[in-house]
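Visitor: I grabbed these lines from TrEMBL:
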BINDING   S7, H65, G141, F142, G143, G144, D174, G175, G176, G196, S197  substrate binding site
BINDING   H32, D34, H65, D174  divalent metal cation binding site
ACT_SITE  D34  active site, proton acceptor
ACT_SITE  D174  active site, proton donor
Amino acid sequence: MVKIAPSILSADFSNLIADIKKVEVAGCELLHIDVMDGHFVPNITLGPPIIKSLKGKTNMIFDVHLMIENPDKYIKDFVEAGADIITVHSEASVHLHRTIQYIKSFNVKAAVALNPATPLKDIEYILDDLDMVLIMTVNPGFGGQDFIMSMVKKIADLKRMIDSKNLKIDIQVDGGIKPSNVHLVADAGANVIVAGSAIFNSDNIEETVKAIRTNASK
Ligand code: DX5
Ligand code: ZN
């Protein structure tokens, strides 16, 4: 059974709580919050104050995807704002092992994201320390981009790597996922599905969430 994590990047920011309620009612488990700094990625989104303002207004897990340089500097702020899972990019952290331990020291879950061009070997020796690995299926920075098909093999390779070590680590995918292609990533081993535009731009959020869940298990 997959978990679904709608990305609020594609929500209506002038009506954020209303949109969040819709995905919560539709049964989504996680709220995917994309933080961009205009340096690591060519876009700027939101920071701790907005996350803090949403905390307590929904029971969904706050899944905070940091697309920022120097993440260590801000991790404490995101924990205090209410993050339950913090994902940092391997490309943005020079001392990734230290960053992961730092996240875990706050008793929140730690995850590492890999850009499409980044090899799995970058996390090979820290895999045991992770709660989740995020395979980017687009280049980070914007919602609504096309799914990169070659990432299916990367997901399958990661799944094999995790299984061969007998670990229980979630595999999250993010970018260009919709009802019509979710089976590809789910078959390959992904169990946490991020979807932004597919969910929030749809006419019927509940139906779309249901379609993602059903198609993932086909
Ligand atoms: C991309 C973000 C994604 C994005 C996904 O940099 O990390 O979470 O919002 O949006 P869709 O599902 O529209 O590709
Ligand atoms: Zn994301």
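Note that Cβ sites are derived from N, Cα and C of the backbone, with glycine treated the same way.
I'd like to know what surrounds each of these features in this structure.
Guide: Every protein chain shown contributes to the tally, and the Cβ of S7 (substrate binding site) ends up with 25 other Cβ atoms within 10 Å. Look at S7 (substrate binding site): DSSP puts it in a strand.
DSSP assigns H65 (divalent metal cation binding site) to a strand.
Around the Cβ of D34 (divalent metal cation binding site), a 10 Å sphere holds 25 further Cβ atoms from the protein chains shown.
Every protein chain considered, the tally of other Cβ atoms within 10 Å of the Cβ of D174 (substrate binding site) stands at 26.
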Visitor: Got a sec? Which of G141, G143, G176, S197, the binding-site residues, have CB under 6 Å of any ligand 2 atom?
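Guide: Within range of ligand 2: none.
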Visitor: Within 10 Å of D34 (divalent metal cation binding site) (Cα to Cα), which of the binding-site residues G141, G176, S197 do you find?
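Guide: Passing the 10 Å Cα cut: G141.
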Visitor: Measuring Cα to Cα, how many angstrom lie between H32 (divalent metal cation binding site) and G176 (substrate binding site)?
Guide: 14
Visitor: I need the CA-to-CA distance for S197 (substrate binding site) versus H65 (divalent metal cation binding site), whole Å please.
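Guide: Cα-Cα, rounded: 16 Å.
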